[in-house]
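Asker: Annotation source TrEMBL lists signal peptide at 1-27. TrEMBL lists 50-234 with the feature domain 'Aminopeptidase N-like N-terminal'. Residues or ranges marked as domain 'Peptidase M1 membrane alanine aminopeptidase' in TrEMBL: 269-486. Residues or ranges marked as Zn(2+) binding site by TrEMBL: His343, His347, Glu366. Residues or ranges marked as active site, proton acceptor in TrEMBL: Glu344. TrEMBL lists Tyr428 with the feature site 'Transition state stabilizer'. Feature annotation from TrEMBL assigns domain 'ERAP1-like C-terminal' to 563-868.
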Amino acid sequence: MRFAFPALAAALLTGSAAILTPAPVFAQNTASEAPLPDSVPSDLPRVARPSHYTIAIRPEADNLNFSGRSSIDLEVFDNVDALTLNAADLDITEASLVPVGGGAAIPLTVTLDPAKQTASFKASKAIAKGKYRLDTLYTGIINTQANGLFALDYPDKQTGKDVRGLFTQFEAPDARRFAPMFDEPSYKATFDLSAIVPSDQMAVSNMPVKSQTDLGDGTKQVVFETTPKMSTYLLFFGLGDFERLAKPTPSGTEVGIVAPKGSGEQSRYALDSLAPLVGYYNDYFGVKFPLPKLDNIAGPGQSQFFGAMENWGAVFTFERILLNDPAITSPAVRQQIYVTQAHEVAHQWFGDLVTMAWWDDLWLNEGFASWMETKATDHFHPEWDALLGRVNGREYAMSLDGFQTTHPVVQKIRTVEETNQAFDAITYQKGEAVIAMLEAYAGPDVWRDGIRTYMKAHAYGNTQSNDLWSAVEKAGAPGLTEIANEFTRQPGIPLVEVSGTCANGSTQLSLKQSEFSRDRKDEASANPQSWKVPLLISIGSNKATRHVLDGTASLTLPGCGPVIVNGGQLGYFRTLYTPEMLKQLATNLSQAQPIDQMGLVDDNLALAQAGYQNYAAALDLLSAIPVNANPVVAENTVESWGGISTLLDGQPEQKKLNKLIESTWLPRLEQLGFDPKDDDQLIDSNLRAALITTLGNLGDETVVANVRQRFAQLKQDPHALDGPLKTTLLSVAARNATPEDWDMLSEMAAASTSAVERATYYRLLGAVKDEALAKKALALALTDQPGKTTSASIISSVGRNYPELAFDFVMDNQARVDELVDNSARSRFITRLVSGATDPAVLEKLKAYAGTLDSDERKPVDQTIASLQQRLESRPRLQSELKEWLSGK
């Protein structure tokens, strides 16, 4: 799941060729071999295990309910009084147990436990061990948020009339809302799914359609082929007025994009990237994709919890990051379309074919897919410099990992709510960063060989982290397991302190491993955790040296010059240089590799914010980034300056800082040109958008005037801004909107027949700096006009400029706002509203809100409280140091 950004693959693959292992024949109706072992956590009694589900449903989309019939082939391993499965929001009206091999059906009484989300099936006498079929009849609800079977309403692309599509979202544990199930990842089974649906609609699932039968009453029965053995959370069903664009791959898998009718060629970009990705992963993993087809299904609207989901053979993605609409899709979003697909397709192997045994190891799915998405993107699009983006991801993870409220990558999961809260930057981005570091430690060939062994050994099964480490270590990476466990089983960030001198053409380095912390610096310094930290040390232009730091080290290395201890930014740690070494790095920063420029700046800004060094040292380093830097580095730099400017909000020095930023970076925008060019590289387009947005938000007169002139053209022609820069221009215009501008944008939103365009307009209505208009946007969010999945994004937009206003609004209207946000995302949604706050009153309100939550719901709230507290404590010091630095400019 992505949380919360060429024709033939065979001709593009590089490296050693893989010997593709054919997928095992799908197992069906086979006996389960043994009870779930005690080593695997479970909330269910370990007395039975399923092998196959047969599920038939009849959705009533207009009434938001459905009826279902299920049969589960299972084996009972001991004489028991009852069988307990997962079930939520289901009314089970009939249940019986049929012995396999003969015998009368055994009637069962059903007891539901809504708090535990279970159903217990009890017979009049003990159930003997053996093989059975558990039959149930039941009804369920169709949700309006992405939990279980859910509905999304959207404007028909041709008529503008609202239509309804149905989709499923079962991760983490929501398959239990679709049918009674053993709804845990280690209870893998095969599935037969069928549905009675309107004759004129398309039904889609994990497998191709096996048969369709016209029932003569305006409905048809659709039966799908049997799935391979898989976890319940990967099952998918979709229904609506859809169309499918498809093509074959060289390996025989058919790939397709399923989208609302009228999407047409908007699906082409995603489809053309899908086939090469399948080929690339076939080669990398050494196991051929085992299903006959792989679809990516576009859903309108959005979720506050996720953007896409890796259902096996039937990926679901919200259409704003799947369909390429030339009228509004920016280059950055087009890049996100590609990267999101790369992430979800990687899951088809790492997560679907081989699945974590329990949610403790969720990172095995998400961290690995995040790492693989970057690897695949860099393979097919090296011109995008995707590896630089990994630095931003690492920084995002470290922004959480430096606080006491962090958690290990491998974390204990005890409840459903804790499972949902495990989808965070530690799981995804820290997981990705640690994997990148371990690949560098093992070497890419050894790492890949270990992955291939792991895939073949555990296909259709479940694993824990050490299964992966063992496979890679045996492939030729001694010591990897110890390093991996230190970085995944304990929280936090290593700090490598460096001092050095040059003498006789050599550099003497003293290295000390400590621990970085944002909110317990003294404690972390006095009693640091320990890691074995892989380093890649470069000195000037000399060949880099590898070293694993275990506590302290003294090294003498050839050459003199600026020292970079985390060369290539492959390590997960922060580096604290002496002031003299940092000055030398700043003087020579233009000569460093772009990825090291980004990493050094991010590191030192964070070190200054946490009080390890003066802010001036980090600002000098940031200022040393040349204006003609790599576009990704330049984009990162100008956005950093935009954030630093907010530190002086409402203070006279802010104007001087903004002028300094504008005078430095406006020439780069003028060089690129305000208007897109036909031969623009994607990263140049992204930089242009970042420059316009940042300079526009700073109030640069040239940029704001240009944007306002273009925005005015919409009065005569609603398509005047269509193109790759449309969202950027509208965002600057919206921020500076007058009441008349706001009304025009609102009218455009209501009139649009594009779900993506309409959602974009509504979101921008909340992104205003005029407080009266922000209040107007909040009121709009509680009307039916934007649509349920869009309204929450309006509130989020208001929160970026007015955190307290948005927070108070949600608290005053909590029951109504809860209807707009996924169950699994409510506490996270509220904390995001105030994540940028600088007012102590907001912190106190957030603490009061935290007191109303159960302990297993508090993680994102506690993380935000820690971040706000540290920001408020450090803000006066940083303001003072920034003003002092600015006085010399």
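Just so you know, glycine gets a Cβ as well, placed from its N, Cα and C.
Can you walk me through where each of these features ends up in the structure?
Answerer: The 10 Å shell around the Cβ of His343 (Zn(2+) binding site) contains 28 further Cβ atoms across the protein chains shown.
Tyr428 (site 'Transition state stabilizer') carries a helical DSSP state (H, G or I).
Across all of the domain 'ERAP1-like C-terminal' (563-868), the predicted model scores a mean pLDDT of 94.
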Asker: Please report how many Å separate the Cα atom of His343 (Zn(2+) binding site) from that of Tyr428 (site 'Transition state stabilizer'), as a whole number.
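Answerer: For His343 (Zn(2+) binding site) versus Tyr428 (site 'Transition state stabilizer'), the Cα atoms are 11 Å apart.
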Asker: Taking the Cβ of His347 (Zn(2+) binding site) as the centre, count every other Cβ atom within 10 Å, in any protein chain shown.
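Answerer: His347 (Zn(2+) binding site) is surrounded by 27 other Cβ atoms within 10 Å.
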Asker: If you draw a 10 Å sphere around the Cβ of Tyr428 (site 'Transition state stabilizer'), how many other Cβ atoms fall inside it, taking every protein chain shown into account?
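Answerer: Result for Tyr428 (site 'Transition state stabilizer'): 27 neighbouring Cβ atoms inside 10 Å.
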Asker: Taking just the CA atoms, what is the gap between His347 (Zn(2+) binding site) and Tyr428 (site 'Transition state stabilizer') in Å?
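Answerer: Cα to Cα, His347 (Zn(2+) binding site) and Tyr428 (site 'Transition state stabilizer') are separated by 13 Å.
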Asker: Looking only at Cβ atoms, how many others are within 10 Å of the one on Glu366 (Zn(2+) binding site)?
Answerer: 27
Asker: Cα-Cα separation of Tyr428 (site 'Transition state stabilizer') and Glu366 (Zn(2+) binding site), in Å?
Answerer: 5
Asker: I'm trying to understand the geometry here, so how far is the Cα atom of Glu366 (Zn(2+) binding site) from the Cα atom of Glu344 (active site, proton acceptor), in Å to the nearest whole number?
Answerer: 10
